[in-house]
Amino acid sequence: MDENGASFQVLCLATIGFHHLRGPEIEHLFPESMDFPKEWSILPFLSLPDGAHSSEKDFVYFTLPFPNDEGTVFGLSCTRQLNASSLKNIPSDVTRSSVQKAVVVITTSPPFGHIKDNLDIVTNAYFSQGDFSNLDVLRDFFHVLTRKEQDVHIALNINLKSFLCEWRQNALVLLKVLLLGKRILVYDKSAERLGNFQYSLLSLIPCMMSHLQDVSSPSAHSLEKSLHKPASLQTSDKRSLLAYTGFPLIIFGEGSMFSPYTPLQLVHVLEAKSSTSWLAGTTNTLIMLNQNKMAEVIVRSDTHQIEFVDPTIKNLTSLTYTDKSWMEDIISRVESSLEMELPGFEGSDDWIRNQFELYIFGMLATVKYYNFLKKQDDSILSQYHYLPSTSCISDYGETFLLEWMKTNTFRIWNNIADDDLFDVILPKHPCKEEHKVPISARIATLFSAVKITPKSRDGEDEGSKEPAV
């Protein structure tokens, strides 16, 4: 599975309508012979979000448990409303001036790119008919999505440049909060903006977007059970290096969940004692009024504000001087390249991901190095001909690193990542990189020219102790 995209399967297509007495309900389902899973009974409430009547069009991202399995499916709903007078045949149960419906796609991976674009087009065509009983356009769309010969890959298609320019240095604060496994509630009147914000944040973490199979339920932890410490490292293989470094990081393991849109009907899951960590989004003001009882951090993606319900988290995730300098440099480079759309170009979305990849790689190497130093006596350390600088610890923030080492994410990662990781990847904040070296050269060094060298002590092999990165 590729980091810039994930192969996927379309499981079903549905239409959701809003009945003035019964509320949101499923009207049509493709394939029509599908045995609808009981685990998806919440689908109508996910597809037509709270406040949907206040906008003509919106997109909703949501997650559901995979039927009879430890896994997750991903939903994308395109909501529209139409003036009832525009209908050719007004159904007897339509008693309001407007009709509100959604067309929904359920897939095995987050649906972005052309799936979203095509869903928008098809939904518009379905509404433009003025006859909701004519399902031909939906039936044809489903057949196109499920053609066996179609090899579908979904590009992330997330605008990280906008995300970074809007959130600026707080983008790194939010990443630190996420890494610490806190309970994060995101609010926005726009469900589309709500989902885009959360997926943008997740996409900053290497391998995250292709390893979201456990996010729909706090009880799911199949990914953790499948991980193991690699027996070897192939320096020319990026996947091998990622595995050696301990990826994927289990941000949403047992006790955690990711719910990009959360209706009132799911609030009890967030409030449960078993839900110790989550990232959840809402458009409902009632949930916001009650947020202090369950969330530790409140994010307003519409106004770009962060509220720390627990003030200690603000201190733990505050940026170091080195963090701030690094973010200033990245933002400057992004803003100077806003008109450039070439993939991989300095300031592009791929380039931004590479920067945060280097940041997290350096952080993980720093944690291993920190623990190595703590285990050794000064008399032993003095025998080494070379050891990396310890400035990396303060550059990332010692209190932040210590707090991260209390998380479930750290526990799982520490068991599978090699203890000598800092021999391969230099424990160094990316702000300390030599800016004269092009990013392409640094990435090439990281993934193509890694060489493992033993720590050299007196009387032992004195191979170069300088890590490759």
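The chain as shown is numbered from 1 upward.
Yeah, the Cβs are placed from backbone N, Cα and C, and that goes for glycine too.
Features reported for this protein in Swiss-Prot:
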- 11-150: domain 'uDENN' (DOMAIN)
- 163-332: domain 'cDENN' (DOMAIN)
- 334-437: domain 'dDENN' (DOMAIN)
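Using DSSP to sort the residues of the domain 'dDENN' (334-437) gives these counts of helix, strand and coil: 62 helix, 1 strand, 41 coil. Across the domain 'uDENN' (11-150), DSSP helix (H, G, I), strand (E, B) and coil residues number 39 helix, 48 strand, 53 coil.
Looking at the domain 'cDENN' (163-332) alone, the prediction's average pLDDT is 94.
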